[in-house]
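Here's what TrEMBL has on this protein:
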- Tyr15, Gly42, Lys109, Tyr132, Asn188, Asn288, Arg384: substrate binding site (BINDING)
- 36-401: domain 'Aminotransferase class I/classII large' (DOMAIN)
- Tyr72, Ala108, Lys109, Tyr132, Asn188, Tyr219, Ser247, Phe248, Ser249, Arg258, Asn288: pyridoxal 5'-phosphate binding site (BINDING)
- Lys250: N6-(pyridoxal phosphate)lysine (MOD_RES)
Amino acid sequence: MFKINENYLKLPGSYLFSTIGKKVAAYAEAHPDKRLIRLGIGDVTQPLAPAIIRALHAAVDEMGSRETFRGYAPDLGYDFLRTAIAENDYKSRGCDISADEIFVSDGAKCDCSNIQEIFGQDNRIAVCDPVYPVYVDSNVMAGRAGEWIPEKEMFSNVIYMPCTMDNDFVPAFPKETPDMIYLCYPNNPTGATLTKAQLQDWVDYANRVGAVILYDAAYEAYISEENVPHSIFECEGARTCAIEFRSFSKNAGFTGVRLGFTVVPRDLKCGDVSLHSLWARRHGTKYNGAPYIIQRAGEAVYSPEGKAELKEQVAYYMKNAHVIYEGLKSAGYTVAGGVNAPYIWLKTPEGMDSWKFFDYLLETANVVGTPGSGFGPSGEGYFRLTAFGTYENTVEAIERIKKL
Ligand code: PLP
């Protein structure tokens, strides 16, 4: 008789965005005359840049000819892409990362949820709270998170590191010592960043206590301030304590195309065992999830034309972020984020929890956002709006909110 993995039953009943989807669908059905503006889900709206489209077309043509056809991709990704990543994302920023430490994949979500499989069952995880829910969820499924405590909306074996306006969304070192520390900067959902000195403190801490930092830099392209690091490998000592996740989703619009990568330095070891060798055996290695065509599109991200076009795309979204940030501020809201990230994190008005504010915005302004409590217990009392809409919709949404 087969058995199920009962850890799955510990997950909260419904994924945050499916609950939002159901509520929005019900409202839209009841009010067909209303035009809803969605500033909730973190998907992009701008089409792929011309340089990427050209690379896709060229790669598709190659697949149609016997001489240039490609089958299974190399396990860790094509050299042309791994070299472009190493040169542009790391060497040019002074980071000591080589192409063979880069593992190409079909996106950061799979990597940052699967990475926990190379770690022992009894590791304690620590997460920023609030944060992208995938880190906790994947550890729940693996049986590492303990039991769900409904009254606290927390798992018993997870170390939550509160990030609120009181600490400028920068977590303090936890009282209990974790083994695996998930850091996400620029942060989803708060939009907060760490300075290089603050990240260096975390690297020193991890090396001191023997923890690994799982650093999610999916929003690195949105960093505008000088003292904010783009990679954890800008910090000294990170090669012995950190793994980094990157995505082409938010910097290049690949949410539907799928491409990302993970950096596992060869110096990261547990005793004699290199984590690089463990990750090389991960699920799906044979295909690494990203087809040749898509890896060629990824290479185009680093071409001079690609870089120029994508700089404009990021600037487009950041113009929206500015509209949201300034508009909400002028309407009297307390607002954070939006400077180094496409997320604006606002405090809900007195007397409204984050779901109540969700309903209020939906019903009065017909604007869809994301309740902060969906990202962790410390997200209660906050609300996320994203800059990924069109400029016109963003301006209209903020005008509507200002009129409330
Ligand atoms: N990491 C963070 C922090 C995210 O917010 C997201 C998507 O919203 C991802 C990773 C997923 O990236 P990808 O599309 O590459 O799977």
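Cβ coordinates come from backbone N, Cα and C, glycine included.
Here the features listed in TrEMBL are painted onto the structure.
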{"residue": "Tyr15", "record": "substrate binding site", "DSSP class": "coil"}
{"residue": "Gly42", "record": "substrate binding site", "DSSP class": "coil"}
{"residue": "Tyr72", "record": "pyridoxal 5'-phosphate binding site", "DSSP class": "coil"}
{"residue": "Lys109", "record": "substrate binding site", "DSSP class": "helix"}
{"residue": "Tyr132", "record": "substrate binding site", "DSSP class": "coil"}
{"residue": "Asn188", "record": "substrate binding site", "DSSP class": "coil"}
{"residue": "Ser247", "record": "pyridoxal 5'-phosphate binding site", "DSSP class": "strand"}
{"residue": "Arg384", "record": "substrate binding site", "DSSP class": "strand"}
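Taking a Cβ cut-off of under 6 Å from any atom of ligand 1, none of the recorded positions Tyr15, Tyr72, Lys250, Arg384 qualifies. The CA atom of Arg384 (substrate binding site) is located 40 Å away from the CA atom of Tyr72 (pyridoxal 5'-phosphate binding site). Within the group of binding-site residues (Tyr15, Tyr72, Tyr132), the Cβ with the highest number of other Cβ atoms inside 10 Å belongs to Tyr132.
On the backbone, the CA of Ser247 (pyridoxal 5'-phosphate binding site) and the CA of Lys109 (substrate binding site) stand 8 Å apart. Just so you know, the Cβ of the residue listed as 'N6-(pyridoxal phosphate)lysine' picks up 25 other Cβ atoms within 10 Å once every protein chain is counted. Cα-Cα distance from Ser249 (pyridoxal 5'-phosphate binding site) to Asn188 (substrate binding site): 14 Å (rounded to the nearest whole number). Tyr15 (substrate binding site) sits 33 Å from Tyr72 (pyridoxal 5'-phosphate binding site), counting Cα to Cα. Cα-Cα distance from Lys250 (N6-(pyridoxal phosphate)lysine) to Gly42 (substrate binding site): 9 Å (rounded to the nearest whole number). Residue pair Gly42 (substrate binding site) / Tyr72 (pyridoxal 5'-phosphate binding site) shows a Cα separation of 31 Å.
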